[in-house]
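What follows is a set of notes on a single structure, which appears directly below.
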Amino acid sequence: MYVLGLETSCDETGVAIYHSEKGLINHLLYSQIDMHSEYGGVVPELASRDHIRKLVPLIKQCINEAGLTSRDIGGIAYTAGPGLMGALLVGAATANSLAWAWRKPAIAVHHMEGHLLAPMLENDPPSFPFLALLISGGHTMLVEVKGIGRYRLLGESLDDAAGEAFDKTAKMLGLGYPGGPKLSELAKRGSPRFKFPRPMTDRPGLDFSFSGLKTYTMNALHDTAQSDQDKADIAFAFQTAVAETLSIKCKRALQQTRLTTLVVAGGVSANSTIRQSLTEMADKERALIYFPRPEFCTDNGAMIAYAGCQRLMADQHQGSVIFARARWPIEELPPV
Amino acid sequence: MQIKLRNTEATEAFGAELSRLLPHKCLIFLKGQLGAGKTTLVRGLLRAFGHQGAVKSPTYTLVEEYMSNGRAVIHFDLYRLSDPEELEWIGINDYLDQDAVCLIEWPEMGEGFLPEPDLVLTLSVVGQERNLKVETSNLSVKNFLSSVIKQRHTAIL
């Protein structure tokens, strides 16, 4: 079965086609980052207006490039949450309209489930069960994955998400948006001059907190002359603190769950310092570590098409209701 | 009226004390630069209402709603708004009409589209400490805060 996947939860419009036996057929992405960088962040109303403009042409292009027609599509998967409501509704309304017109089932997909399952798109996918670390602009969570739809939340950020901390710290250092990649560029010129705290690693538990690190960065910055080198050293200290904190928590989670496979996904997992720190930790713990390729780490339609395909193959779909939720706990999903 | 908050714990404690005097429905503006402690103050308030889970900064989601022990709290962060008119699109009036404590971070970004607040809290950074400026025309709030200042904090003005 060919499944069309639509992703519109934030600032990327993603469309993909996944086939239950043949795998990923095609995927396209339109990013709104240039538009939002003028404003210093994702602007919800602009995001949904741009999804409206881009989504249908992208769907047409995706089907045409694959050499298919709308009759070949067996189901439509779309991101129903969590995310920006206006943006989600564009995908939800489009998916359900196509489902009615084509008389095919639609399936609501949880955005974070898409990220969790993204490594399944690779030729050498991890096998269940595994530990997943999801790190993005809006989320930081550790999840035990026993199978599709069988998730246990082990820990999450109690305040800022890791990517959000990167963005806000970058803003304090006078860098643009998105700040994360620029901050790691700056950190390359930094030296280990400051020692930042590793938040919440001195107490048990698997939750994260990055808000205090942001404040620590601000205080450190105010204590310097704020030269380029000062900023580079602070960026270095901040990035090292985040990378080590994530590694400490992942190590603890591997030990507690006795799992031997770690999957790292979400936009922040593209950060090379974080990748290196987690890889070294996994090697020491003799755990296998998987990173989806960068284009599947950030938001994309392929992961939504994959997750939707698994659910449609298990005969799950929704009735004729347009369903979207800005907040949607991942543990509420039904198993497959 | 100004209050000195020595550390994060003091900011949370102030939020908790504030929770005791708020009516079911009120509007509070929270001002201050990144890292000043706006979300920390909201966390203290929510914890005092009995909320157990995480209190996330709503920077990416714009709004987070909480309900604990029959008290509704709506936490906004308008940091990423580019035009106050976008408040109409997120249905701001539907939120503000509710019987809830509404806390708005970065209200400057929504100027012209937000009603007058009952209370304005401005946090400023002084080294490791925070200065909290409280502005309100509500007499009972004023009196309560004066007593809080006398009891627990060092008033600097």
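Placement of Cβ uses the backbone N, Cα and C atoms for every residue, glycine included.
Automatic, uncurated: that is what TrEMBL annotation is.
Annotation comment: TrEMBL describes A:24-306 as domain 'Gcp-like'. Confidence across the domain 'Gcp-like' (A:24-306), taken as the mean pLDDT and rounded to a whole number, stands at 90.
If you look up TrEMBL, you'll see A:HIS111, A:HIS115, A:ASP299 marked as Fe cation binding site. Taking the Cβ of A:HIS111 (Fe cation binding site) as reference, residues of its chain lying under 8 Å away and at least six apart in sequence are, in sequence order, A:GLU7, A:SER9, A:THR79, A:GLY81, A:PRO82, A:GLY83, A:ASP299, A:ILE304. In the three-state DSSP scheme, A:HIS111 (Fe cation binding site) is classed as helix.
Residues or ranges marked as substrate binding site in TrEMBL: A:LEU134, A:ILE135, A:SER136, A:GLY137, A:GLY138, A:ASP167, A:GLY180, A:ASN271. Look at A:SER136 (substrate binding site): DSSP puts it in coil.
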Taking Cβ atoms only, which of the binding-site residues A:HIS111, A:LEU134, A:ILE135, A:GLY137, A:GLY138, A:ASP299 fall under 8 Å from chain B?
A:GLY137, A:GLY138
I'm trying to understand the geometry here, so how far is the Cα atom of A:ILE135 (substrate binding site) from the Cα atom of A:HIS115 (Fe cation binding site), in Å to the nearest whole number?
10
Out of A:GLY137, A:GLY138, A:GLY180, which has the highest number of nearby Cβ atoms, where nearby means within 10 Å of its Cβ, if these are the binding-site residues?
A:GLY137
Secondary structure at A:ASN271 (substrate binding site), reduced by DSSP to three states:
coil
Quick one: pull the CA-CA distance for A:ASP167 (substrate binding site) versus A:HIS115 (Fe cation binding site), whole Å only.
20
